[in-house]
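Enquirer: Structure in structure tokens, see below.
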Amino acid sequence: MALPNQQTVDYPSFKLVIVGDGGTGKTTFVKRHLTGEFEKKYEPTIGVEVHPLDFFTNCGKIRFYCWDTAGQEKFGGLRDGYYIHGQCAIIMFDVTARLTYKNVPTWHRDLCRVCENIPIVLCGNKVDVKNRQVKAKQVTFHRKKNLQYYEISAKSNYNFEKPFLYLARKLAGDANLHFVESPALAPPEVQIDIALQQRHENEILEAANQPLPDDDDDAFE
């Protein structure tokens, strides 16, 4: 969904809402996509920046109109106007800040209240930072709600495309859809320890085979 003053395109486009606590890296994540950053539009009535992010797939070009809150969530909840007509979503938390993960269920509830049945990706950001507070095996909310989960690092571009590819496949109803060209991304600002991150990714896979805990995602040791 484009804004009233924004050009529409003749290829599939979708409104993608990105939510999560302030400071989790939502804006940093969206700004990695250089053409989207260059063409963004500010909508003052809702207080949102909309970044048009184009991706090239084997079925043609698609666009996500990424709605970024511009930090309003720090002043209370987001207005329904932010969510209305949302066709897909990313919920982001910061793996170095436990509270941002504990608040994920609230963001999910707000999202589903307005948008109901849309594909949602949960993203744990800042996996490049060493002092991780939310361990990979502690992330279970996505399993309870049947969401996709990815560990990402916006500043290093690690896994940048994965949330978009998952959403594109769901929206197109085509599990074989794939990107044929990478978008132009800002150069990495940090490096990620790939070996360490691979261990975390393995933990996620192992945890997926374990029974779900009975807690409400807030029992951190």
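Cβ from N, Cα, C; glycine included.
Marked as GTP binding site by Swiss-Prot on the basis of similarity to another entry: 21-28, Gly71, 125-128, 153-155. Annotation comment: Swiss-Prot describes 10-174 as domain 'Small GTPase Ran-type', evidence class sequence analysis. The feature region 'Switch-I' is assigned by Swiss-Prot to 40-48. Annotated region 'Switch-II' per Swiss-Prot: 71-87, in sequence order, evidence recorded as sequence analysis.
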Enquirer: Across all the protein chains here, work out how many other Cβ atoms are within 10 Å of the Cβ of Lys126 (GTP binding site).
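Expert: Other Cβ atoms within 10 Å of Lys126 (GTP binding site): 26.
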Enquirer: Which whole number is the mean pLDDT over the domain 'Small GTPase Ran-type' (10-174)?
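Expert: 92, rounded to a whole number.
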Enquirer: Indicate the candidate from Gly23, Gly25 with the smallest number of other Cβ atoms within 10 Å of its Cβ, considering only these binding-site residues.
Expert: Gly23
Enquirer: Run through the region 'Switch-I' (40-48) and tell me, per DSSP, how many residues are helix, strand and coil.
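Expert: Summed by class, the stretch gives 0 helix, 4 strand, 5 coil.
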Enquirer: Reduced to three states, what secondary structure does DSSP give Thr27 (GTP binding site)?
Expert: helix
